[in-house]
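J.: I'd like to ask you about the structure that follows.
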Amino acid sequence: MAMDSSLQARLFPGLAIKIQRSNGLIHSANVRTVNLEKSCVSVEWAEGGATKGKEIDFDDVAAINPELLQLLPLHPKDNLPLQENVTIQKQKRRSVNSKIPAPKESLRSRSTRMSTVSELRITAQENDMEVELPAAANSRKQFSVPPAPTRPSCPAVAEIPLRMVSEEMEEQVHSIRGSSSANPVNSVRRKSCLVKEVEKMKNKREEKKAQNSEMRMKRAQEYDSSFPNWEFARMIKEFRATLECHPLTMTDPIEEHRICVCVRKRPLNKQELAKKEIDVISIPSKCLLLVHEPKLKVDLTKYLENQAFCFDFAFDETASNEVVYRFTARPLVQTIFEGGKATCFAYGQTGSGKTHTMGGDLSGKAQNASKGIYAMASRDVFLLKNQPCYRKLGLEVYVTFFEIYNGKLFDLLNKKAKLRVLEDGKQQVQVVGLQEHLVNSADDVIKMIDMGSACRTSGQTFANSNSSRSHACFQIILRAKGRMHGKFSLVDLAGNERGADTSSADRQTRMEGAEINKSLLALKECIRALGQNKAHTPFRESKLTQVLRDSFIGENSRTCMIATISPGISSCEYTLNTLRYADRVKELSPHSGPSGEQLIQMETEEMEACSNGALIPGNLSKEEEELSSQMSSFNEAMTQIRELEEKAMEELKEIIQQGPDWLELSEMTEQPDYDLETFVNKAESALAQQAKHFSALRDVIKALRLAMQLEEQASRQISSKKRPQ
């Protein structure tokens with residue numbers, strides 16, 4: 001502080017001093033202002049035609065401009081040491097012309113020691129350092145003598161300690177000067193206030209980084225970092241800790257709905273556990289489901305997007321088939337005894353548990369049908385049938401079991417015989433050739449289920465090596481004196497994936513996917529029409545809705561949809577598609593109702609998802625318009641293929657039906673006295689008929705070949721457009 005106060009007296013505006021730039025360059029600058037509070041000066045200089053300036057601490061000024069300190073007077077001492085008195089006397093003697101001889105060597109050494117001590121003080125002030133000189137202090141004690149005149153007769157008494165002090169002081173001065181000259185600025189230079197603030201901020205950032213790193217280390221110890229998504233697992237666990245869970249129980253009341261939409265979550269299977277997948281589905285209450293969708297920000301920061309869905313019932317992974325049946329299909333059994341039509345669907349991704357829910361527990365390819373909704377509904381049907389109020393009706397129980405594959409019907413209880421769907425004059429849909437089997441107990445029903453399930457068509461997809469690629473419909477029909485009293489249709493729908501998700505994307509697979517998605521779209525529209533009491537129900541859009549037409553019309557019709565979902569993180573996209581489909585069927589949402597524009601957008605998204613990726617023309621880009629036109633061509637080709645296939649089958653049947661005529665002609669020739677004229681006439685007539693059918697069959701086959709080529713071309717174009725660049 002003494003140095004600062006002394007230096008302040010030397011600093012004033014306009015003074016030229018030396019400064020050091022941040023790049024190490026030292027040049028001259030003029031003092032502009034002197035700030036006593038901050039102990040700094042503001043300087044300015046001209047550079048490149050412009051005036052620049054900066055602030056410099058007093059210590060930096062002293063370090064770069066030591067000459068300012070050298071000009072300062074020394075502080076007066078009350079008791080001057082011996083060497084200072086000698087120096088003063090020496091100067092006085094030199095100031096007058098005296099004939100006294102020159103001083104001896106002892107006085108010269110004293111003079112040298114005095115200059116050394118003075119330089120040491122100045123150097124210490126220049127460097128703003130406290131220099132401890134224990135040797136000097138001791139030497140002072142050694143040579144402190146009473147102020148008596150020094151006699152030449154005893155020079156050795158003071159000469160020895162003075163020489164020792166002189167040598168020690170010179171060594172300390174040289175060491176201090178050496179260190180100061182080696183690093184004249186950095187050793188004593190203090191930083192400006194701005195630099196100090198920046199360093200404080202930097203230190204805080206480093207401390208925060210260290211704390212975050214320590215927290216990450218602790219979290220990494222709590223979670224197995226070998227998991228590919230352990231960070232998402234931690235975030236999901238922390239989010240679930242904030243939830244209050246009230247799951248569905250068997251004691252909860254059963255609410256009756258005309259359209260009941262439920263969702264069921266299955267547990268992680270062995271394959272998902274082997275891949276160390278995490279569960280991204282939470283069910284905190286009996287009607288609420290949360291999807292923790294993993295996301296990445298632009299800077300690759302991981303976060304969760306929690307999406308909520310509301311349904312009539314939500315079943316977690318601990319719910320058994322009995323619990324699911326109690327709240328879904330069981331209330332519908334009463335409906336068919338009251339003369340109504342009931343339908344229960346299982347909808348979802350391949351491998352999400354549809355067949356397990358409807359058909360029973362699976363062990364490999366073997367299935368325990370007694371644990372499925374099929375068998376449970378059958379048991380309740382026979383229980384109600386034997387009650388006194390319904391026993392007097394004389395009801396009989398029949399069952400049918402068929403599948404819809406690629407738009408064609410096959411009877412699973414009659415060796416997969418092909419069926420035809422026709423509409424009679426009363427606009428009633430009839431399934432020609434479908435056999436109804438009379439059953440007398442639930443055990444008979446289970447046998448029928450086992451027999452039909454063994455014949456069901458399956459295929460391989462990315463999610464399931466034995467995936468059901470057809471819609472299976474098990475119907476329980478009540479008849480009173482041959483007349484239908486009620487019907488309960490239990491449908492296990494095919495997987496809702498697109499054809500591009502299968503292992504082998506050949507034409508057959510594409511046709512499967514297109515037909516499945518088309519029927520699912522038609523089914524959703526029919527259910528929504530039923531819920532909104534619309535006058536028109538679009539049941540003719542697919543074979544599935546045609547067969548179930550009577551379930552969508554009439555006031556005494558009830559429907560239940562069970563949406564099954566997979567909880568793994570790899571199935572998150574398909575799970576969201578399933579939940580959105582089910583949510584739009586019921587039109588239940590935790591948010592406010594959508595506006596008209598949002599409904600149009602929703603319909604457009606549904607058409608895209610359910611038409612094997614078709615795009616609806618509208619506000620689309622050029623590439624999207626091209627893809628939309630190609631998708632439209634693909635759908636037209638698929639529809640044309642199905643129509644031509646039906647025509648080809650009809651022409652072939654007509655040709656086969658002419659077979660007996662040729663056999664009759666052959667038998668005629670076996671007779672010894674057959675009429676040749678009659679033979680020729682019949683042969684010409686048969687040839688004319690056959691030529692007509694063969695010509696028609698040839699035209700149909702040509703058109704079918706062309707349609708297949710168009711479908712192949714459209715499929716390749718769509719694949720090339722969808723392939724990432």
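Using the three backbone atoms N, Cα and C, a Cβ is placed for every residue, glycine included.
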J.: According to Swiss-Prot, which residue out of SER285, SER489, SER519, SER611 bears the annotation phosphoserine?
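T.: Of the listed residues, Swiss-Prot records phosphoserine for SER519.
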J.: Starting from the ATP binding annotation in Swiss-Prot that includes GLY348, GLN349, THR350, GLY351, SER352, GLY353, LYS354, THR355, which of ARG264, ARG391, ARG420 is the extra site residue?
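T.: Answer, per Swiss-Prot (ATP site with GLY348, GLN349, THR350, GLY351, SER352, GLY353, LYS354, THR355), from ARG264, ARG391, ARG420: ARG264.
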J.: Write down the residue from SER98, SER115, SER467, SER629 that Swiss-Prot flags as phosphoserine.
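T.: Checked Swiss-Prot: the phosphoserine annotation sits on SER115.
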J.: Return the count of C-beta atoms lying within 10 angstroms of the C-beta of GLN349 (ATP binding site), excluding that atom itself.
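T.: Summing over all protein chains shown, GLN349 (ATP binding site) has 25 other Cβ atoms within 10 Å.
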J.: Largest pairwise Cα distance, Å, within the listed ATP binders ARG264, GLY348, GLN349, THR350, GLY351, SER352, GLY353, LYS354, THR355?
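T.: Farthest Cα pair among residues binding ATP: 14 Å.
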J.: Express the distance between the Cα positions of GLN349 (ATP binding site) and SER633 (phosphoserine) as a whole number of Å.
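T.: Distance (Cα to Cα, whole Å): 27 Å.
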J.: Counting Cβ neighbours within 10 Å across all chains shown, tell me which of the binding-site residues GLY351, GLY353 comes out on top.
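T.: The largest 10 Å Cβ neighbour count belongs to GLY351.
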J.: Provide, as an integer number of angstrom, the distance between the C-alpha atoms of SER22 (phosphoserine) and SER6 (phosphoserine).
T.: 27
J.: Fewest other CB within 10 angstroms, which one of the modified residues SER6, SER22, SER519, SER633?
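T.: Per-residue Cβ counts within 10 Å for the modified residues SER6, SER22, SER519, SER633 bottom out at SER22.
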J.: Pick out which of the binding-site residues ARG264, THR355 has the most other Cβ atoms within 10 Å of its own Cβ.
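T.: Most Cβ neighbours within 10 Å: ARG264.
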J.: Could you tell me which three-state DSSP class ARG264 (ATP binding site) falls into?
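T.: Where ARG264 (ATP binding site) sits, the three-state DSSP reduction gives strand.
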